[in-house]
Amino acid sequence: MRLPVAAGAATGAVAVALYPLFQTGTWFWASLGAILVVTAVGMLASRYTLPVWPVPLAQLAVFWLYLTAVFAGDTAWARVVPTKESAVELAELVATGFADIQKFAVPVPERPGITLLTCGGVGLIAILVDFCAARLRRSALAGLPLLSLFVVPASFIGDPLSWPTVVIAALGFLGLLAADGRERVTHWGRAVLVRRTPSFVAPRPAAETGTLRLSGKRVGFAAIVLAVLLPSMVPTLEPNPLFGFGVGNGNGRGGNTIGIPNAMVNLRGALSLPANSTVLTYTSSDSASRYLRLYSLDVFDGTEWTMSPPRGRPQDRTSEGPLPPAPGQGAGVPAAQATTRVTVSEEVRRLSFLPLPYPATQVRIEGDWRADVDTLMVFSTTDTAEGGTYEVVSNEPRPTAEALRTAGAAPQAISDKYLRLPEDLPDEIVRLASAVTDPDAGKYEQAIQLQEFFTSKGGFSYTLATQGHGGPALTDFLIRSRAGYCEQFAASMAVLARVLGIPARVSVGYTGGTNISGQWTVRTHDSHAWPELYFEGTGWLRFEPTPAGAAGQGSATVPIYTQPEVTTGGDDTPTANPSTGPTGAGVPSGSASNPRNPMLDRDFGGVPVAVEEGTPTAVKIGLGGVAVLLVVLIPALLRAGVLLRRRRVYSRQALRSGAAGEAGEATATALGSTGIAAVRSNRGQATVAAAWAELDDALCDYGVSRQPSESPRALARRLSEQHEFDAAAAASLARIAEAVERMLFARTLGETGSFREDVRRVRRALASTVSRGRRVRAVLLPPSMLLRIRAMGTRLLDGFDRLENIRFGRPARRNA
Amino acid sequence: MAVTHDVPPQLDDLVATAHRIREAIESVIEGKGDVVRLTLTVLLAEGHLLIEDVPGVGKTMLAKALARSIDCPVRRVQFTPDLLPSDITGVSAYNQQTREFEFKPGPVFANIVVGDEINRASPKTQSALLECMEEHQVTVDGTTYRLDAPFMVIATQNPIEMEGTYPLPEAQRDRFTARIAMGYPEPAAELEMLDVHGAASPIDKLAPVATTAEVRALIEAVRAVYVSQAIKKYAIDLVTATRHSPELRLGASPRSTLQLVRAARAHAALSGRDYVIPDDLQALCVPVLAHRLLPSVEAQGQRRLPEQVIADLVRRVPVPEAQAR
């Protein structure tokens, strides 16, 4: 009877793991019902010891009735008995269920089809588990169907299962194993004992099985605790969020790191490559070319633009469906949706960021790719894209000039992050920003004026023989030389935009490339950088300050919304000019960059950062160390607390009759002489007990053994002789021992005083007999406290024992 | 001074008197302080002592010295196979003058009876003495005569000679509170013995150091010694352990529990304590329990003596304080 119940309980416990897959709890109750039905049949079968093979068939039949009643009751005969109609209805439900599964992402809403499938699956698992555990008596084997149920949520969510789920499921399985073990042990039969005398028939309790069970339980609990704790300590890409019930919250710590490339260095290297090799080719649903962005640089520190570490949350995997919504892009803005199919050349090495049009709404690619929620950069720490093909759906905003003109202020989060400029930004740049724009104009007009300043009015020229874009280089580019390439143009425009109060960032990637027989080809010389400016309602918009055409970045295009005077025209019409290559052939040799290196070779020149935002590993290790240290020191702290408390007690002076007078005559008269004696006796006992307990713990701490058959007096004698205590310490020890003796065995305790000095002396004498290591350990890891903690653990296990011994229904037959 | 307590005045007297008796005996028996102390313990516990050892180690001397040092009637019976029960208890003889039967008390009517080589007497005679020991009374021809307190039998037994002896059965050994072995003296003690005993027996010069009344008072004081519940339980634990030990065929009887606690009282009193501590019981376990036990066949095969088994048990049974933890 016990096994079918345990099997049902195990299935139920594991089924709890399905919880994150669903939005509602209907499935659970339906599945619970299925488990109950199966278990009930199993119990009956066990009760009447039916043969093995018909039982699962009977369970299947009854389970079928249950499903009919719950899901197709209307068409069934008497709501329960299946008819042809009910079978058809169930089949249809199953079909819709499969269709729904294809349609919905987890967590799925409540759909009868899905509920039926879940309920049916759980019920079948319950039958299998019951069959393995209760019929075949192979409980360990029952772990397989349970495991198959358990991996369902794991495979769907791909997220670490929360620890309570694991614990519940593991406990369920353990319970099944324990029940099986018990059943087995009870069948062992009684041990044949050779009695010494026929009259002596002391019934031996089943002590052996008790210890077996206890140790088994300990192993089980220890395994669960390890299984839960260990993964949270081992760093992984998918940190198991400790204490986060439910689906991973994404704020996990730890994680693999990838190198964030120094985008700008790569950019110039790519542009100045003599060989213009193909990076990728793409086709798009509307045949238009698109800028493909790799990185988004959002931090300007006065020297250069850098990327703050992207955050790849588990739920932002590309395989999870749509990417996070593009920041700031409202539904009211017209947008052009297009699907682009990109094939990355095999020559590219280690491409861990995907070149994507902005804003991408969905990416279909093999592997674990994740989107950064702020920038929509898609990257991976494990996979690379070279040689692969992927599809991306983009939803480019096509705002009207009017909409941009009337755009409201950016949200605080955006302006905080994307308007930040270094304190020491040269004044000339600030002045320049206001000089080239109309201070009365709106943000949009100012942005256009900025772009015009770079492309036409400012007299800038395109050359690759420049480097840097920050600090003096920035000033030099903007004020003096006015010669540079896309890096300087993009960086400067973004800085000026920030000065003007327009949120801005720099994107690095590729221009749309060249159209070769209907397919767009992007080469290394199409590497590009451009600014993106933020307009509320539209989101991030690309601007193009770099001169295009033969005298500039060959394949660069100016977005249509930045040309307010042009009212007609196509999309970003590619110029399709043949790539001119770098104009500055003489690359300064002092540069840290080696232009001969292919594209992404100098990846990882940047600082490696954790994928997940969080504290650095060293700090984490340090914090972990401190935490472990604190945990380790808990026994020491407890021990110190106990010592202090006891010392307060055993340091009390005796309540002498004379002293009692001082304490208060009133009390004395009120209590009477016997009352005083009682009070004195209680106090004295507490004093002696505290001193003795302290001595006992001190012995334990210093590793001095104590036989259970050793009386206090014998102990005192042995210690004094064995460790050659000096006379004072020996006398102190004897005093304590005698007081304990009197407390335990004499009629009255007699007068006791403070034992403070005695305990101190004995402790010191004991300490001097042991090694220094032992002394340190006695303070830091006091064995007495560890033993007590262990005893507490044992009591806890005993509690579990009692829980387990709760019997359902009628009391089990003894010796059955 | 952490602990101060007063020893009851009675106990002070007891310790002093006991000390006098011990000194007196030890002036005769050199280097056997433990044996003397145990003898006194049995006396104060109102028990009887069985001294078992090879001839010539001073068994009879000990008994006689104890008897001498207390100013009380002492009778000595040499047990032989032809000794009759009436030779111990006494007989009713017909007095022709009074024309009545008159009771002639036997040697058992004394405060201390020394039974030499008790295993030489026939079981019938042995049991006559044993009845007196248990009941403290003698019944002859339907008349019961009470024996004076204190009444102590010190029996000696020679374990070597087996020819023509009737070893005491278990039931009868159980009547003796304690059994001790004298053991050979230390060389130094033996040397001193040669010096002292060379000229004349010192026992002749032994003067009584205590009166019967004093001993009776001592016994009263011992009865008042406090035995806590924990100690009683400990005594039961110890005795129970002998009953469950696989090395013993026969465990200790409830009577032995009683006598163990009684002896422990005397032991505590002799140490100047008015309460019993586990150490008292531990010290007495072997002499009080060992002679009542029968080793199992296995233990015999391993040549394990009941004394060793008991010593092991004492080391295993936790003292009350340890149980409380």
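Even glycines carry a Cβ here, placed using N, Cα and C.
Keep in mind that TrEMBL annotations are predicted by a computer and have not been checked by a curator.
Listed in TrEMBL:
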DOMAIN    A:478-547  domain 'Transglutaminase-like'
REGION    A:305-339  region 'Disordered'
REGION    A:564-599  region 'Disordered'
TRANSMEM  A:27-45  transmembrane segment
TRANSMEM  A:52-72  transmembrane segment
TRANSMEM  A:113-133  transmembrane segment
TRANSMEM  A:140-157  transmembrane segment
TRANSMEM  A:163-180  transmembrane segment
TRANSMEM  A:219-237  transmembrane segment
TRANSMEM  A:621-644  transmembrane segment
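Within its own chain, the transmembrane segment (A:52-72) has Cβ neighbours under 8 Å at 30, 33-34, 37-38, 40-42, 45, 79-82, 85-87, 89-90, 93, 112, 115-116, 119-120, 123-124, 127-128, 130-131, 135-136, counting only residues six or more beyond its boundaries. When averaged over the domain 'Transglutaminase-like' (A:478-547), pLDDT in the model lands at 85. The residues of the region 'Disordered' (A:305-339), classed with DSSP into helix (H, G, I), strand (E, B) and coil, number 6 helix, 9 strand, 20 coil. Non-local neighbours of the transmembrane segment (A:27-45) in the same chain are 1, 4-5, 7-8, 11-12, 15-16, 18-19, 55, 58-59, 62-63, 66-67, 70, 110, 114-116, 118-120, 122-123, 126-127, 130, 134-135; each lies 6+ residues outside the stretch with a CB under 8 Å from one of its CB atoms. Here the transmembrane segment (A:113-133) has Cβ contacts under 8 Å with residues 3-4, 6-8, 10-11, 14-15, 18, 22, 26-27, 30-31, 33-35, 37-39, 42, 55-56, 59-60, 63, 66-67, 70-71, 90, 93-101, 104, 139, 141-142, 144-146, 148-149, 152, 176, 180 of the same chain, all six or more residues outside its ends. Assigned with DSSP, the residues of the domain 'Transglutaminase-like' (A:478-547) fall into helix, strand and coil as follows: 21 helix, 31 strand, 18 coil.
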